[in-house]
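Engineer: Sharing a structure, written as structure tokens. Questions coming.
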Amino acid sequence: MKFSLFALLFVVVSCVDVGTQTRDAFILAHKQPLSTYAVENMDFVLEYGLYNVGDKPAQKVTIDDRHSFPTNSFDIVKGLLFVHFEQIPAGSNVTHSVVIRPRAFGFFNYTAAQVTYYTDNENHHVTLTNTPGEGYIYRQREYDRRFAPKYTYFLVFFLIVAPTTLGSFLLFQQSKARFPNVIKKKST
């Protein structure tokens, strides 16, 4: 009896809660670097994702990340750091990518981007993306030394190994040329 009464109470409370949940637009935002390493004078790709998890569309949505990447430290190769979307429907998402190029090396603090939107014509909301935090921008020379392909090492290895391999092959060919009859007699 207690269990059935408790179950009935739970069902009634759940139904009342579901019936009263009509949420306005609610934007979840993230900022994510797609490049593995930030290197001076090389492209660095960032992706912004906006997800409307509300029941209504978000109007006049803007992403503003101009303060994170000042033009004296970064070149904008492709994309914009200030983007405007007229509407993001309920239950949908939008992504935006930007390609920037760091001008200098060293530590850099990647701050959050500001996202503003309206749930209807009056309710103005401001939210922030996640913050990737502090990152390191490698020097081009240091990046090449650590991560670039080591073609010179392979070339040196080939120059060291080639004489012994080539010498063995030439000795085999001379030996084979001296005894052609032995090979023919064994095969017949």
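In case you wondered, yes, glycine gets a Cβ from its N, Cα and C as well.
Feature list, courtesy of Swiss-Prot:
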- 1-15: signal peptide (SIGNAL)
- 16-151: topological domain 'Lumenal' (TOPO_DOM)
- Asn93: N-linked glycosylation site (CARBOHYD)
- Asn109: N-linked glycosylation site (CARBOHYD)
- 152-172: transmembrane segment (TRANSMEM)
- 173-188: topological domain 'Cytoplasmic' (TOPO_DOM)
Engineer: Other Cβ atoms within 10 Å is the metric here; tell me which of the glycosylation sites Asn93, Asn109 scores highest.
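Structural biologist: Of the glycosylation sites Asn93, Asn109, the most buried by Cβ count within 10 Å is Asn93.
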Engineer: What does DSSP call Asn93 (N-linked glycosylation site) in the simple three-state scheme?
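Structural biologist: For Asn93 (N-linked glycosylation site) - judged by DSSP and reduced to three states - the answer is strand.
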Engineer: Near the transmembrane segment (152-172), which residues from the same chain, at least 6 beyond its ends, have a CB less than 8 A from one of its CBs?
Structural biologist: none
Engineer: Helix, strand or coil: which one is Asn109 (N-linked glycosylation site) in, per DSSP?
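Structural biologist: Where Asn109 (N-linked glycosylation site) sits, the three-state DSSP reduction gives strand.
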Engineer: Do you know the DSSP helix, strand and coil residue counts for the topological domain 'Lumenal' (16-151)?
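Structural biologist: Counts, helix then strand then coil: 14 helix, 68 strand, 54 coil.
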